[in-house]
Each structure stands twice: as C-alpha cells, then as structure tokens.
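Pulled from Swiss-Prot, these are the features on record:
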DOMAIN    169-442  domain 'ABC transporter 1'
DOMAIN    520-733  domain 'ABC transmembrane type-2 1'
TRANSMEM  538-558  transmembrane segment
TRANSMEM  571-591  transmembrane segment
TRANSMEM  626-646  transmembrane segment
TRANSMEM  658-678  transmembrane segment
TRANSMEM  682-702  transmembrane segment
TRANSMEM  768-788  transmembrane segment
REGION    812-844  region 'Disordered'
COMPBIAS  814-835  compositional bias 'Polar residues'
DOMAIN    858-1110  domain 'ABC transporter 2'
BINDING   GLY903, VAL904, SER905, GLY906, ALA907, GLY908, LYS909, THR910  ATP 2 binding site
DOMAIN    1183-1397  domain 'ABC transmembrane type-2 2'
TRANSMEM  1202-1222  transmembrane segment
TRANSMEM  1242-1262  transmembrane segment
TRANSMEM  1290-1310  transmembrane segment
TRANSMEM  1317-1337  transmembrane segment
TRANSMEM  1378-1398  transmembrane segment
TRANSMEM  1425-1445  transmembrane segment
Amino acid sequence: MDTGEAAFGVASLRLRGSMASASSRRAPSYRDYDVFSIASSSRAEAEDDEEALKWAALEKLPTHARVRKGIVAAADDGQGSGAAGEVVDVAGLGFQERKHLLERLVRVAEEDHESFLLKLKQRIDRVGLDFPTIEVRYEHLSIDALAHVGSRGLPTFLNTTLNSLESLANLLHVVPNKKRPLNILHDVHGVIKPRRMTLLLGPPGSGKTTLLLALAGKLGSDLKVSGKVTYNGYGMDEFVAQRSAAYISQHDLHIPEMTVRETLAFSARCQGVGTRYDMLTELARREKAANIKPDPDLDVYMKAISVGGQETNIITDYVLKILGLDICADTIVGNEMLRGISGGQRKRVTTGEMIVGPARAMFMDEISTGLDSSTTFQIVKSLGQITSILGGTTVISLLQPAPETYNLFDDIILLSDGHIVYQGPREHVLEFFESMGFKCPDRKGVADFLQEVTSRKDQQQYWARTHQPYRYIPVQEFACAFQSFHVGQTLSDELSHPFDKSTSHPASLTTSTYGASKLELLRTCIARELLLMKRNMFVYRFRAFQLLVITIIVMTLFLRTNMHHETRTDGIVYLGALFFAMVAHMFNGFSELAMATIKLPVFFKQRDYLFFPSWAYTIPTWILKIPISCFEVAITVFLSYYVIGFDPNVGRLFKQYLLLLLVNQMAAALFRFIAALGRTMVVANTLASFALLVLLVLSGFILSHHDVKKWWIWGYWISPLQYAMNAIAVNEFLGHKWNRLVQGTNTTLGIEVLKSRGMFTEAKWYWIGVGALFGYVIVFNILFTIALGYLKPSGKAQQILSEEALKEKHANITGETINDPRNSASSGQTTNTRRNAAPGEASENRRGMVLPFAPLAVAFNNIRYSVDMPPEMKAQGVDQDRLLLLKGVSGSFRPGVLTALMGVSGAGKTTLMDVLAGRKTGGYIEGDISISGYPKKQETFARVSGYCEQNDIHSPNVTVYESLAYSAWLRLPSDVDSETRKMFIEQVMELVELNPLRDALVGLPGVNGLSTEQRKRLTIAVELVANPSIIFMDEPTSGLDARAAAIVMRTVRNTVDTGRTVVCTIHQPSIDIFEAFDELFLMKRGGEEIYVGPLGHHSCDLIEYFEGVEGVSKIKPGYNPATWMLEVTTLAQEDVLGISFTDVYKNSDLYQRNQSLIKGISRPPQGSKDLFFPTQFSQSFSTQCMACLWKQNLSYWRNPPYTVVRFFFSLIVALMFGTIFWRLGSKRSRQQDLFNAMGSMYAAVLFMGISYSSSVQPVVAVERTVFYRERAAGMYSALPYAFGQVVVELPYVLVQSAVYGVIVYAMIGFEWEAKKFFWYLYFMYFTLLYFTFYGMLAVGLTPSYNIASIVSSFFYGIWNLFSGFVIPRPSMPVWWRWYSWACPVSWTLYGLVASQFGDLKEPLRDTGVPIDVFLREYFGFKHDFLGVVAVAVAGFATLFAVSFSLSIKMLNFQRR
C-alpha cells in the first residue's frame, strides 16, 4: 500500500473528544511525539510573531486554497522550523526544496523512517480520523490450467501447425480437447489481515505467483477459477481490484530510456493521490476548529502528496529514499544493450513503481531478487513500518529471506504443490512442524527450513523422531494436519463468520477505474512521449537524413533537364516519380513498426495496472509525431518539386505536400496498428509486409484499375494508396504543362497518360483522395487504440511439463512412490552445503568432475577501472572527465578455495568480476592480473575459465539438454570422445538437478520457458560442462529460493573440492550458504575492498576482525554473520564511527598477508610453463560450423512465430497474387499487359523480400545477444556462428520459394516450359535468399534492431527506385545508370522478365514492335544475357552472407 499514504486514507470522521480551545496557543497534553510546532519560550518574540502571522494568514484562506499552501523552512534551517521560511504553493516545490524537506523529515531512512510515520499517524489520530484498512479473504480457491504435456508441448513447426488446427476443431466441437488439466492451486483458503506483514513461502512451482495474482484480481481469463476472493466482504465485481490493490511482478519491465526518477514520477502521476486530498481537507478543517498548528515540514509534506497533477510529486523522492534509489535517481533504467542501473536497482524500481500509488493492499512477488540481504532487510523493514503504522495489507513473496528479514513478518503462508501447508502467526510455524516430527536445526534459517521440509528430496534430514523410522510425509498430509492444528482451527472459525461489511471504511475500496482525471492522464502521457522523443531524437534525425539522401537521389534521377512532357511514355516516367514519392513515405512509416512494438510489453503492464486508458497512450503517439511528419514531407516535396519539373504552380506544390503529409500519417498509423495487432516483432513484421504488399499492388500503378479482377475490385476501392495515387496523379497531370492536345484527339496529354494507366481524370478526385486519406488516418489510429485496449500481451509464462514431472508432482502431493530410475540417484541428496558434508556424499557428487584439468590461481594488484563521466552527472556540476568505479583493488583467488565476493548494491562486485574475466568492452582498466604467475592473456584465459553471468542469456528455442550438449561439444577438448562427453553432461545435470527439465524449452525470460531459478541453474550447468579451471559466478543464487540456492551451492562446493578456483558474487546468503565459502572478498560502495581473508569456522575469523574495530557492535548469538557484516560496514556506520574501513583494512596484518600472497602467486612456480593451446578454440573450424548449424537448426524448427508464420505468409501471398493477376501472364498483346506481368514480379520480389528481410532481423538480434556471451566464453569464432545462421536459412527459403513459385506460376498463367519455370524458381529462390541475408547484415552492422529496421527501410526505398519498374534503366540519367547495376532487385527483375518474355518475337498489338525489341529498348533487357544475370543474383546472396559474417566478426555493440 501506498507509502505516501504516509499520509493517509479518507477519514472515518470520528472525533475522539473535544479539541483545545480556539484561543489556546499551547498544544494539549500529548507528549508521545513532538508532532506540532509549539512556540518555544526560548525563541525570540519577533520570530514567534512572524510565525504566528504566517499561520494566521494561512488560516484565513478557504479550505481548498489552504491545503495547497504551506510554510517551507529555509534550506539551511535544520530544525524543521517554519519561522524563517516562506509560504509556498506545495504543488510547485522545486527539486532542492523537496530534497531539503525530506532531509529534515527523514535524514537517514534506516533510523528516522519509523518516527516519521509515527508523527504522521499522531497527527491523524489527534483529530479523531482513522485510516482505511482492507482484510482479504479467499475461500475454496482452486485454479486450473490446460496444457500440452511432454514433447507435444514444444512449439515446433509441426506442433504449432497441429495445435492451430486442433484449436479450430475444438471451437467447432469436431474433436475433443487433448490438453491436460493442470492443478495450480487446490482448495486453498485463508485471511490476510491489515496491519500485519505476511510472508509467502514455497518452492518454485508451488503456485505463489498464481495466488498473488488471484488475490490482486489480475488472473488471466485462460485459467479456470473456482472459489472466491473478497476485500472487506465485497466480491471482486463490486469494486476495482486493480486499483484497490497493487501487484508487484517478479519481472522488471521498464522503458530503458527513462531515468529511475522519471519512471517513478510517471507512475505516481498516473496512479494519482487516491483519497489523500479528501482526508487532508477534513484534517485541515478539524485542526482549524481545534486551533492546532501542525509541524510546518510535516504539513507541507502531507499537502504536497495530496495534490494531484504534479510532474514530480515529493512522494517520488520519498520512495527513492526508502528504497535506496536516491543514488541512481537520475540514471537511465537501461536494458541488456543500453547501460543503465544494476539488476538489484532495477528490481527496486519495479517495487517503487507501485508503492508510489495510493493502493491500500500490496501483493509483492519476489521483490528481493538481486538485492543484498541488508538492503532487503531495510526495504522490508520500511514496508513493515508503513503496514503496521498506517494500516496497510501486505503479502510479500521472498525466495531467500535472511533470519532477521524473516523475523520482520507477523504471518506466514507456506505453499507447496498448490496446497497451503500453513497459514498463521510466525511464532507457531515451527510448533506445527514439530508436531509432524520435523525440527529446524541450529544455524539454519527458519525460512530455508520451511522451503525444504515439504520436498521429497530434502525432508529426511529434518526428521526429529529418532525412535521412529522416517517416512515421507506428503504435502496433502501436511495440509490435512494443519486443519486440526490449533492455528488452522482458529482460521476455520474466523472464515465461518463472514466479514461485517458495515465496518468497512468507505475509502478502503476504490470504485473509480483510473487514478486521475482523463485530461490529467492525457497530459501525463504527452509529457512522457515528448521525453521519449527527445531521448530517441537520433532515430528521427537519422530518418530525416535518410529521406534527404533519397530526395537528392530522386532529384538527380528525375532531373527536369532529362525529363520531357512530349509523349505518353514521358508521362509514365513522371507517374513513376509520383508513385515512388508515395512509396518512400510508406517505407518511412515502416520504422514506426519497430518503435511501437518495442514499447508494447511496458504498455500492456501499465494498461493492466490501470495507469491509463489506451487512448491516452495512442493520442500523444499520433499527435506529437505530426510536426516530424511535416518536416519529413517538407524535405521530400520542397526540395524536389521544381528540380524534377512537376507542374510549376504553387497551389499544386502545396496540394502535393498536403497529400504526401496525409500518406505519411496514414502509413505511421497503419504500422502502429499492425504492431498492436502482431504484438511480437516477427509477427508484426510479417503482417506489415503483407499489408504493404496488398496496398501497393492495388494502388492502381502496379496493376491497372481496368485489369483488377472482379473478385478483387473491393480491395481496390478500400486501398488508401489507390486514393493517394489517383489524387497525386490528377494534381499533376491536370496542370498546364500537360495541357497540350495529343495529335489526332481532343484530349490533353495529361488525360491520355492517366487513361493509359486506368486512372481517373476528374479534378474532384484530388479532394476525394485527401478526404479518404484523412479518414484512414483517423480509422487506423482508432483501430490502434482498440487493439491496445482489448488485446492481451503476446506470450505467456509457460513451462513445458514432462510426464515425469507431472508424476513427481502427483507423488509429492499424495505420497505415492516414484518409479523413475533416472532421478533415483539424486533423490537421496540433501541440501547440506557445509564443508563437513558426509564423505560418501561428497565423493558421489564429485564423480561428474573427473575430467582432467590444470589447477590455476588468479592474482590481481591495484586494479582501477573508470568510465567516461555520464552526461547526467556532468549536468549536475561534476567536473571530472572520468568516473572511477574500482579504486586500486588487490587480491587473489586460489585452487580449492571458494571465495565469496560481497558488498552492498553498487559496491562494484560485478564490475570487478567483469574486469578479471575480460568481459568489459569499454572503460579504462589499469593494474596487473596474473594467472599462476604469468600475465593474463584473454584468448588463453577464455579456454580455462567459465563465467556465469547475472543475466541468464541462452538461446530460447532449444531444450535444457541441448543447451548443455552444445556447450560441452564446443568447449571440452577435442580428444574427449562423444560417449564420455554425454556421460559428463548427464552427471552435471544430476548435480544441478536438471534431469526433470531435460526436455524443457529454455524460452525468453519473463515470457515463456524456464522459471528464474531453473534458468539460473542452467547458466551454471552450461559453464560446468566446459570443465573449467577457474569459474566466475555473478550472483549464482540470485532469484533462487532457499532450496534451489542450496542445490547450487552444493554443486559449487563440490566443484571447488575437485581443486578448481571458484569466485561467486553473492547478495543475500543464509548462514549455511555463507559458511559454505572458505574466504570472503568484501567491498564497500565506491569500489574499495574492506576485508579480504578467511571466514573461519562459523565465520569466527571474520567476526573477530570486525569486532576488533573500535566502536563496531558485537554480533548477536545466532545472527547471520553475512548480514551483520554488511550492517556494521555501511557508509552511515563509517560516519558514526568516524573511520574508513578501507583504511582500517590497509593498516591491518591481514592486508600484509594478502600482499605477500599476491606476490607469491604472481611469481611462476619452479619448472612451470605458461598456459598454451595450439589452437585458439577447443574444436576445429569444421566442428564449430557443424555445432552452430545443429543449434540453429533446432532453434528454427522450434520458432513457429518465425518459420510457420513466414511459410503461411508465402502461401497466402502466392494465393493472393494468383487471384489478383489471374491468367495475366498469358496476355502479352499490349504494352500494359507486359507492365501488368512485370508488376506481379516487381511486387512479389520487393515486398516478399522485404518481409523476409524484416522478419529475420529480430531472430538474429536475439541470437546475437547469446553470441556475445558464447564468443566471450571462447566457444567458437564468429565465422562458424555466421555459417550456422546463414546455412540454416537455405532449406526453409527453398521450400517457401518453391511453394510460392509453383502456385503463382500456375495461377498467373506464365508459359509452361520447363526452362522458363525453373528460371522463375531460381530467381525467386536467390532473391528471397539475398533479402534474408541483407536483413541479417543490417542487424550485424547496427547496435539495435530498431536502428537496423530504419537502415533497412532506406535501402528498400533505394532498391525500389532503381529496380527498373519505377523508371526503366534506359530512362535514367547516365550518372545514375551505374547504380541500377549495383541494385540487386533490378537484376532479379531483369532475370524474371527476360526469362519469361525476352525470347518472344511476336509484335505488340498497340505499337507493332516485337516483344523482345520492346524489352530491349524500353527496359534494356536481353535474353542472351540471362547467364550473367543468374550469376549476379546468386552473387548478391553470397555477398550479403559474407558481409554479415564479417560484420559479426569485426563489430561488437555490447557495452559492459
């Protein structure tokens, strides 16, 4: 619930006794907290009078004006006094004023937050107001889903096709549904009380997220739900649940270009102030009646958070402070390709985005992922204070809560396999499990115990009834036992008495759909869109530059000194120029597709959270782009109009400008609508290409109006480009330049030209065209709004379930025996991660690590790392050129020693690891790094090291087993045979417990496939199968629950025990995980080390060191040493103690020991040799090629949004073309017949090619991110990767071009001659191939998919212009004729037309010229040149493929 409810909810208007008399200046006898500023006798009389006068002036204002005014103390007044301040409008507080106000109210969040909230509560209580509260009940709640199980669930080409047909048959009730019902939650019930913090625990897959979504009213409609959820006795249909409660997702979806402050401010503005304003007015009224004068600072704060419509509300600054985000408030959020804040900070932004709003109930899903334990503790503590003091209702799901964080909660809900095992007070949970025979060991966190005690694999170690043999207690038995436990009985009794609705506070539940007025939401979205346009200005500048270049080319290509107004042929050339101008703006609008699609995930999240209606998003997107459209069209029209030699009439110039402006706007609106319809980049690209194709073919230029078949004439009349083409042609050809009468007729040349292409000849068609285009602009924007308003986000978080996993789940619930030999080996393992594990267990787990390796040590001395100073910091007055992130760090990592690299968020842990592992791509590195005494060489180091990145990056369309097989194939030495390799993979899978997931698809994070913890285990396994000597792990337990973290740490410990060097950054370890480490490398914020040394038994060495520092508080018995260590070494503690822990460390014996150790390791051992490998990579070039092709083949087969959609796109386009150009290929008696046939070829080549090029780009962009990780790991060189990416396309394009070619060739009616047929297939195949490879090349040459799509659209336009259809090669000026030979599309058209018609001698009926002569003279096409054309077309495919390979090899756009 709202932190700023730090103020309140609406009052219950209940008075608690008489107020003090109006004449009294003295507060009544409330002494608990000094909430109110009372004139002190020690103050000077003048100050007292001045203060009194200001308050008196405020008191005289009407209530609505008084709540907007407050007295702000001067910046240097640290006492919170308003005496020296001034009266201000609270809605207009500046950044510095807000900052100083918060400093006075909450100087240090850890220490002052609770007293601040108590002051707020005291002020509310004082006048007899109450906070609204919410009690959430859920009764007999069951949730089921339908899913395919096993291999049928994999999204392969075949499965997707079958599933689509099956879904259609299910709708028609032809066949039964073959999906299996999966039970997610089973008959759960409980009560969540206000003012109590509830912790939701449970292993992955237990149903935690589903329960939270159900309680927050955000379940998807595809789930089957029974039972009910009520708020204060009201059903979900009686109020707006999405605004009464806030759900905080575990997935961090944010706009990367916005800063942290901007992200939270936007959210606060959208969610509004709720009922704070109403409460404030009542509060002010009562205080005035009682003559109570509140503390000025508190008064200003409460007023400021109650006034809506502020660009940046002070509540944003408050939330930034309590979440520890104030240090990065003005840094952009960023993403994988755009450097921004850290993963832990991004997770806090996700939390802050919702708690700035006024919701009274909060459901938080895994909000601590990526955070260190002290930060998690502080955040949960702050949330707990808000909950208990201000009457909130809070449920938080945490994966690995430390004991001190666990103790902050009042109630526990423990879920396991969809059953509630326990819900009730935290104090009784251990009592319940002890009654079942299980006891939590000493030095074991209770939360960790609870996560593991219901697991079949972990339960036995906690069995406490030594006099009885252990038996597995299934989940169902726990759930039944809880019903008879006294806590369960109390809960049942409570549920049997319905909530009394009459006691529900009227302001508890929200009935309004949105948090602010519609006008305010529109203003907010306009402000954000302007901000994003400013941040993305490069895109618009680049687009304008492209248009300028194209315009210059058009001007010089259609130069008026070369253009004539003599014949109908001259007119057709001018018509081509007009057509191209129109097409250029259609292509320009194509780039809107990528920009709109990229923003959709964030839009859908905010829409579902009811931040704003879809129209508030679409109107700014449309309206704010109009000035850009005006500028872009001005470039093309005003520069080229007179140079080309269009009719020299100013009126016609501006009419052409208006028409092309409408085309530009229509195109942008159309592609935004298609983006909303497709929702994924691949599908949207395919739909957009299809739409573009249909519109242009039916525009009246490619195919004459008179030749459109009757069954397609409706398409002609609804095509916006038909109206545009007719209007722009009428505007030109009815001008005086074309008024000359054609010899032997009574019609002008202009009208003859229009008639020859089947266009309309009346002037009214210009205004009809303008009206139609304006209508389409409105219609497409309305459709865009409707699509965004009603369609669901694409892709669901899903996991492919195997039969084995289902059986195991059923057995865990019921207690039945599992007969699965594959898992039996691991079923007896425990999660004991301590170093004194049973010898038998250790040797059993280590058996998968027996491949030979060389133990290696890493030493580094005085490592400094800096980056260029961010512009945001320079703007705030920082004058240095570089920002130093690591300040002379030294240390060593040794074989057989497991080192924990720790520190608070922002300490530089990941930065140090990236520097040591050689993963930094930018910045400035200084210092020495040696490997077993020899200077580090990155190429060699990559062969012997592994790096588990914090972001789990994997190819999404392969299974878990295939990911491991691929890694092992490429990274294990070539002398390891296939059988050994497979056995090694199996052993690693067993160690990391991935066997049940072996056939699960990896998927994309947050979209589909593996869960966070499963993905994390896969990341570790991928590195382990490489058998490295040195392993770096960046937060291997982040995002895992306690049990999964224990599995991972057991694996890591076993890896170390084989003699490897392992270093892990770790954020929030439990006691047993922390003490699984041998040594600690502790850093503080700012990039300096403060402890480097052994932990000792039960962390005794670490504790002894820090307790030896004067002033440091002693550790409490049983307290987590990791948490204590982080708490006592904060910067705030340094200020309190007046010391620097860095200096303490540098002056210690430990530092001298480490320096000696570094010197020793930095000298090569006697008789040793530097690392040397005869080849750079483990495998030969040919093996790398085969492995990359193997993975790409699997990826393509399982990527139906790409392969299936593209296949059916080719099929539909073929049928469409066949019906539009039906039998036109057999007609060749007139010039127009040849133009029609060539039009079918031109349209197919250009637009199918564009579709293939556009749709491959997002696929390559996703895989390129994986490629950067795999190349950095030394798996392969760039060329084999490019080989796999290129070669895998060959069979797909072959099948698709063959399907298209056969259908189109037959339906259009080209000549049935084997040679001509195969020439047609040949040219179509290589054309689609070179377009596909060009799409890859565009991604390879640019940093992002967005830029690639804009660059591509530029070249599509150029190729269209020089294709030979818009203007034939002989008609081009001599200075541009050369480029037609460099344009691949012109070669394709040459080949297609010349192979079909170039050998025909029959004369044309309308001119009498033989066909072959006409083709040679008008187009420059010769039949005997076909061999050269064939080689050239294949050559372009080869050129683009080779260029893509070189771009991948030489360019790296990843910034680290």
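Cβ atoms are placed via backbone N, Cα and C, with glycine included.
Keep in mind it's a predicted model, so treat the numbers as computed, not measured.
Locations of recorded Swiss-Prot features on the structure.
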residue: GLY903; record: ATP 2 binding site; Cβ within 10 Å: 26
residue: VAL904; record: ATP 2 binding site; Cβ within 10 Å: 23
residue: SER905; record: ATP 2 binding site; Cβ within 10 Å: 23
residue: GLY906; record: ATP 2 binding site; Cβ within 10 Å: 22
residue: ALA907; record: ATP 2 binding site; Cβ within 10 Å: 25
residue: GLY908; record: ATP 2 binding site; Cβ within 10 Å: 24
residue: LYS909; record: ATP 2 binding site; Cβ within 10 Å: 28
residue: THR910; record: ATP 2 binding site; Cβ within 10 Å: 20
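When Cβ-Cβ distances below 8 Å are used as the criterion, the transmembrane segment (626-646) is approached by residues 533, 540, 543-544, 547-548, 550-552, 554-555, 558-560, 563, 565, 574, 577, 581, 584-585, 588, 652-653, 656-657, 660-661, 664-665, 668, 732, 735, 737 of the same chain, each at least six residues removed from its ends. In the three-state DSSP scheme, SER905 (ATP 2 binding site) falls into the coil class.
A contact between the transmembrane segment (1242-1262) and the transmembrane segment (768-788) is absent, since fewer than 3 of their C-beta pairs, 6 or more residues apart, lie under 8 Å. On the 0 to 100 pLDDT scale, the model's mean across the domain 'ABC transporter 2' (858-1110) is 85.
In the three-state DSSP assignment, the secondary structure recorded for THR910 (ATP 2 binding site) is helix. The stretch with the most CB contacts under 8 Å to the domain 'ABC transporter 2' (858-1110), chosen from 169-442, 520-733, 1183-1397, is 169-442. For the transmembrane segment (1290-1310), the residues of the chain that approach it from at least six positions outside its boundaries are 1196, 1203, 1206-1207, 1210-1211, 1213-1215, 1217-1219, 1221-1226, 1237, 1240, 1244, 1248, 1252, 1316-1317, 1320-1321, 1324-1325, 1328-1329, 1332, 1396, judged by C-beta separation under 8 angstroms. Within 8 Å of the centroid defined by the CB atoms of GLY903, VAL904, SER905, GLY906, ALA907, GLY908, LYS909, THR910, the record's ATP 2 site, lie the Cβ atoms of SER342, ASP372, THR911, MET1083, ARG1085, excluding the listed residues themselves.
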